[in-house]
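Visitor: This is the feature table in TrEMBL:
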type     : residues  : note
DOMAIN   : B:95-324  : domain 'ABC transmembrane type-1'
TRANSMEM : B:9-30    : transmembrane segment
TRANSMEM : B:91-118  : transmembrane segment
TRANSMEM : B:130-149 : transmembrane segment
TRANSMEM : B:201-220 : transmembrane segment
TRANSMEM : B:255-281 : transmembrane segment
TRANSMEM : B:301-324 : transmembrane segment
Amino acid sequence: MSRIVLEIKNLSTHFFTDSGEIPAVDQVSLHVHKGEVVGIVGESGCGKSVTSLSIMQLVPNPPGKIVGGEINYKGENLAFASEKRMKKLRGNEISMIFQEPMTSLNPLFTIGNQMREAFRFHQKISKKEAREKSISMLKLVGIPRAESIIDDYPHQLSGGMRQRVMIAMAMSCDPELLIADEPTTALDVTIQAQILDLMRKLNEEKDTAILLITHDLGVVADICDRVVVMYAGQVVEEGSKREILKDPKHPYSQGLIRSLPRIHEREQKLYSIPGTVPKPKLGRVGCRFAPRCELAFNRCFEGNPELYVTGEGRRSRCFLYDKQEGEAINDATTEAVIGD
Amino acid sequence: MFSYILRRLLMLIPVLIGMTLITFSIVHLIPGNPAQVILGETATANAITELEESMGLNEPYFVQYGHYLMDLVQGDLGTSLRSKAEISKEIWPYIAATFELTIFAMIFAVVVGVNAGIISAWKQNSWFDFLAMMVALIGVSMPIFWLALMEQWIFAQELGWLPAYGRQNSRDPIAAITHFYVLDSLIHLDFSRTLTILKHLILPSIALGTIPMAIIARMTRSSMLEVMKSDYIRTVRAKGSGQFLVIYKHALKNAIIPVLTVIGLQTGVLLGGAILTETIFSWPGIGRYVYEAISYRDYPVIQSGILVVAFIFVLINLAVDILYKKIDPRIKY
Ligand SMILES: Nc1ncnc2c1ncn2[C@@H]1O[C@H](COP(=O)(O)OP(=O)(O)OP(=O)(O)O)[C@@H](O)[C@H]1O
Ligand code: SF4
Ligand SMILES: [Mg+2]
């Protein structure tokens, strides 16, 4: 496969709060190739946003802090890079869009003013040139009447339009990597599809790598090449989109897929994994999914599973895939859960 | 924008009428016969009747009020009982003196307060933050006359750096044009005099500006802290902006909105309530003008002083509202 753009190794980001140290991101490793779309999937609170903000060094500090690991961007470790270095990269080589289009633009400045900055922070160009480039970016992301919209204020635009503006702004300097933290969650379904199409188009035309954070496997099915599943601050499974959707190994991924609504099945009730994500805390013993796992056995409550290799480019954090456990259990479980 | 200002000015009319009703009532709310009160216990019945007639006090209230309004519309504030001069002619230098002092006090309060608030929020929990908030706390709770006296003692008496009293060197008074002395001295191109006048402004400005400064610093800090957490600030940082632009462009413009209200209110308070400071620094301002009128029971002057201050208060409020609209495009009327 092609060159690796981003490689995160054992990244740990903790929050130091009054009620103690919270390991929101715990030894996370993942990588993104050039031009690839990688999805990070997981329920609310499992550390997706903190992982993505760590890459940009935008975790609110205090209380958050990267405490260990590497974030290698094109061979350079950014985990502890200086603010000066990060300033050069942000918005230029790595850019980011956020979940909340309604509040992510400054209400007191025009779209044009805010878009202009994206260029002027990184390129030596005049206001006029920046304005022209902004207009063509707005056209690229499918905003009608870009010439007049550019002088509007954010409150004059709909949520979908604002998210397009955010994407246009993020794409201004042709970044190598676009991090999109739940870019469609706040939008309604038709707009959601349009935004995903747009991102796919930009990915194909400009060969921009995308790290797409979502809790929605439907979004993954739409545009991702590869998927990383996170649970309680850890990566629990990794593989290609096809493999994860067709043949999830980890009981948590299996649960996520079972809870997808399906048209061709006449199940009345939608499945959902019982219980909720545990609050991250230090020194936890046992598999973090054990309290909710239907397949949990004794060992799950006593030791911490590692990421076991389960195939070509696939890993799963579950004792069922530890070579020491019998092959028999392994086969039985995968069959039981996947009926597709 | 223009039609907005026009509409707001029209909306002022009922407010102004209300204000005149109040100032008109002042004289009539005084227990007993105003003429008697004005002239004192020993006045003869003849003198009282005479004064009643000259003040129109024997006519019905609404007729009196009508006369009062008609006079006001023509810019006639009445005649001072004490100096026998027309108030509208005599009041301006006092207003100008108070205005000049208020402007300098508020410049001090806003520049120091806003910046201290910003830096405190930026370097939250640092030694600067701690120190600035400590000073602000002392600032709001310190008696201003005490601060004023301390200033005079240290900077005028002990160090001799700055004058303790008055607006100017009283042996060499300026030929006043606007009665804003800084402006007047500039008009005369008399810059050494400008310097003297500025020196006279320093101590009273600091005394008067300290409370607003402290309030503004605390407001700015908390407002900035709130704004710095918002999503659009994160967006600006994600674009690769430096801290300075994040803070002074994106955060400050949002954070200043609630602070503006405080600035407006405090300006009004300074214009109306600086009697103590004006007395300590022998500042010939509107506060002193009214204060002296009270001790002489010069009711027309008291009426006019209150009316003028209230009017200015309303205008400042209007200015703040217009500023809001200039800053925040979401505001609609
Ligand atoms: N500012 C903070 N202070 C303390 N803890 C925090 C803070 N931000 C995040 N956390 C912790 O980090 C954990 C992971 O949060 P994160 O926002 O990454 O979740 P997420 O996977 O993005 O969820 P969502 O789908 O709701 O966006 C949370 O459970 C919380 O305990
Ligand atoms: S390790 Fe055990 S508890 Fe954890 S996912 Fe696997 S089977 Fe379930
Ligand atoms: Mg999130």
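Including glycine, each Cβ sits where the backbone N, Cα and C put it.
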Visitor: Tell me if the transmembrane segment (B:130-149) touches the transmembrane segment (B:255-281). I count contact as 3 or more CB pairs below 8 A, with pairs 6 or more residues apart.
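Guide: Contact confirmed: at least 3 Cβ pairs fall under 8 Å.
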Visitor: Counting Cβ pairs under 8 Å to the transmembrane segment (B:91-118), which of B:9-30, B:130-149, B:201-220, B:301-324 comes out on top?
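Guide: The stretch I would name here is B:201-220.
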Visitor: Short question: which residues 6 or more past the ends of the transmembrane segment (B:9-30) have a Cβ under 8 Å from it?
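Guide: Counting only partners 6 or more residues beyond its ends, the transmembrane segment (B:9-30) has Cβ contacts under 8 Å with 37, 61, 64-65, 68-69, 72, 299, 302-304, 306-307, 310-311, 314, 318.
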Visitor: Sequence-remote contacts (6 or more beyond its ends) of the transmembrane segment (B:201-220), Cβ cut-off under 8 Å?
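Guide: Sequence-distant neighbours of the transmembrane segment (B:201-220): 100-102, 104-110, 112-114, 116-118, 120-121, 132-133, 135-140, 142, 144, 147-148, 151-152, 155-156, 162-164, 167, 182, 255-256, 258-259, 262-263, 266-267, 269-270, 274, 277-278, 280-281, 283.
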Visitor: Which sequence positions outside the transmembrane segment (B:130-149), separated from its termini by at least 6 residues, show Cβ-Cβ distances below 8 Å to it?
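Guide: Contacts of the transmembrane segment (B:130-149) (Cβ under 8 Å, skipping residues fewer than 6 from its ends): 116-117, 119-120, 203-204, 206-208, 210-211, 213-215, 217-218, 221, 276-277, 280-281.
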